Amino acid sequence: MASLHLQFFILTLFSALISADQTAKTYIIRVDSFSKPSVFPTHFHWYTAEFTEPATILHVYDTVFHGFSAVLTPYQAASVLKHPSILAAFEDRRRYLHTTRSPQFLGLRNQRGLWSESDYGSDVIIGVFDTGIWPERRSFSDLNLGPVPKRWRGTCQTGVKFTRKNCNRKIVGARFFSKGHEAAAPGMGGIIGGINATVEFKSPRDADGHGTHTASTAAGRYAFRASMEGYASGIAKGVAPKARLAVYKVCWKDAGCFDSDILAAFDAAVNDGVDVISISIGGGDGISSPYYLDPIAIGSYGAVSRGIFVSSSAGNEGPNGMSVTNLAPWLTTVGAGTIDRNFPADVILSNGKTFSGVSLYAGEPLNGTMYPMVYPGKSGVLSASLCMENSLDPNKVRGKIVICDRGSSPRVAKGLVVKKAGGVGMILANGVSNGEGLVGDAHLIPACAVGSDAGDQIKAFLASDPTASATIRFRGTVIGIKPAPVVASFSGRGPNGLNPEILKPDLIAPGVNILAAWTEAVGPTGLESDTRKTEFNILSGTSMACPHVSGAAALLKSAHPDWSPAAIRSAMMTTANLVDNSFNPMIDESSKKPATPYDFGAGHLNLDLAMDPGLVYDLTNNDYVSFLCAIEYGPKTIQVITRAPVNCPMRKPLPENLNYPSIAALFPSGSTRVSSKTFFRMVTNVGVANAVYALKVKPPKGVKVSVRPDKLVFSETVRRLGYYVTITVDKNLVLDDSGAVYGCLAWVDGKHVVRSPIVVTQINPL
């Protein structure tokens, strides 16, 4: 059914394109590799003989995906699509980056537990798909590291300002992928002639900073006396300090990351021999493509099906519901939480009131001097309220502290606009959509970010007293903040917009104010006019949370080489924390209410417990195929993802029976009778052989949960056991304001608590 839909959809898409537009674009073409005629020695020979000219081909894919990407007119693409060996074709799309104390905050301690038992991840290779790396940073030193693992087959690709000497026993490989980026038409943000050499390096060297930051978060070495201009000073280190790094530069400064290049990087990384892939990239529009049109889903399936763990970011479109991205059930999707460290700053008003906010400003302080305030937004002009370029009148701003509303332009850029217009400082006020969620920035002028409540009160005071004045006090670094973790307001939320039967995100990890290594190419704000140089920078985003989980996976893989990617994810999910450091349920930064599994998935990563989870929910390639059959993808559509032809069973499986460590029960809304659903799950004992687990259930409010059996008895010979969960709701079910009710079930043996969240919701049947 879905494969007919797919072909109909693609043909309609092409006929619409052909009538409208004949400009050449990059297409990714999925080929049934089994139909290659034997007269052609290679796939490349076949593609260039039968489908297109050699000059138009950008990448040939042969590992995670069979096919090629090429620059074609819609007319050429449509004629290629008519060939019986072609399974699918889709246009290249641009993706975006999802832009110390965090290892201790995850429960890692020196000389004991996971760090020592996994030797800090020394034999594991993490592939980072990002903007490249600044290899000279101390975080990437190979001092005292053993030889590169023998199974490594990758390469050190040289280019502008990047030689073979930039790879070492720490950075074991580096490559860059630019063909899709260079082929993009100027209208798509491509630059005529490709890479903009004034701001970029055509090599694995990082001109942006994001890649250096994520790589060192996952696997940075110990760097003493680390700080960002005095903030967050201490020892910087990654989650797996001895793991090796393989760098795949797929994203380019100010130009995003193209699907065709991302797929080529997946192909290379799997062939090179990485163990973990970290990808802090996703759709920039908050809309998730179906898996067969999503190269991150396709590429990661190819990796996971070969035993490689893939960690991805949940996106930064929160706190809106259904904003989570990277939804494929074989991916581990990571949201962001805060850590117990903050960078407070205060706005002190002339009426004596003080409002607390955050800032990473490190220049000359205001030293208590009061300055008059101005709010350009009271004119009603939106660009002025947002302090956009050229929107401020220097005569009204000079010598004053300017209140700017958050949104539309980078937060640090607003301060630059204020500075150019002669302002002395900035109060950056959140709107309703960001609520109370604050992010520290390395501002170029004295500036403090405040939540929407404080912003409203400061504006109201100024409106009531036009002579009002203020100053900003910077309080440096404060640790031991409570409560923490708190779910970051920007973190992408459930429910899963493609298949709500699979709860996403899977879990959260530290993603707010994370200190990690930085590029030498730009200042800490990334703005052109920021000429400061810093070895480390502090950033926030699910981009920062994802590499924490990649590093964690490296440690778990090092300690348990035989665990599958699903077993590693299960260990992290079933042991995750639901409480903060004040022993209360985790809260949501944007609402200040208790957070739910739609916000944090199974909870906050707790590595100390993940090392020894007791039981895991394992999954094989066949399980994922039956999930794809269950969501009504036809055999051809599934082959786009899995490479191999499949036959779906006569009896359609249920998507909710995928052996996932969480349970999402969907009931039709408006039902007038009692409804119930039964789910099947299977656990594998990875702890001591003769274990007995008893059941503990906390049913969601107004829901009945029964489990059989209610006891699991393992032995030397019995390592895997299944159980059934029946969830029953009646017509009077009342959902909370997130549209669901929540509970959990746990298997307990006296030492381990193996917990799975339960989400019950009602949806309108399609």
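Including glycine, each Cβ sits where the backbone N, Cα and C put it.
Because TrEMBL annotations are produced automatically, they should be read as predictions rather than curated entries.
According to TrEMBL, the protein carries these features:
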{"type": "SIGNAL", "residues": "1-20", "note": "signal peptide"}
{"type": "DOMAIN", "residues": "26-98", "note": "domain 'Inhibitor I9'"}
{"type": "DOMAIN", "residues": "121-589", "note": "domain 'Peptidase S8/S53'"}
{"type": "ACT_SITE", "residues": "ASP130", "note": "active site, charge relay system"}
{"type": "ACT_SITE", "residues": "HIS210", "note": "active site, charge relay system"}
{"type": "DOMAIN", "residues": "371-458", "note": "domain 'PA'"}
{"type": "ACT_SITE", "residues": "SER543", "note": "active site, charge relay system"}
{"type": "DOMAIN", "residues": "657-760", "note": "domain 'Subtilisin-like protease fibronectin type-III'"}
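When the Cα atoms are compared, SER543 (active site, charge relay system) and ASP130 (active site, charge relay system) turn out to be 10 Å apart. With a cut-off of 8 Å between CB atoms and residues at least 6 apart in sequence, the same chain places LEU97, ASP206, HIS210, GLY211, THR214, ALA215, VAL247, TYR248, LYS249, VAL250, CYS251, SER278, ILE279, SER280, ILE281 near ASP130 (active site, charge relay system), listed in sequence order. Packing around HIS210 (active site, charge relay system) is summarised by its Cβ count: 26 other Cβ atoms lie within 10 angstroms of its Cβ, all protein chains included.
Taking the Cβ of SER543 (active site, charge relay system) as centre and 10 Å as the limit, one finds 29 other Cβ atoms among all the protein chains shown. As a whole-number mean, the pLDDT of the domain 'PA' (371-458) in this prediction is 93. Applying DSSP to the domain 'Subtilisin-like protease fibronectin type-III' (657-760) sorts its residues as follows: 1 helix, 60 strand, 43 coil. Counting residues of the domain 'Inhibitor I9' (26-98) by DSSP class, helix then strand then coil, yields 22 helix, 27 strand, 24 coil.
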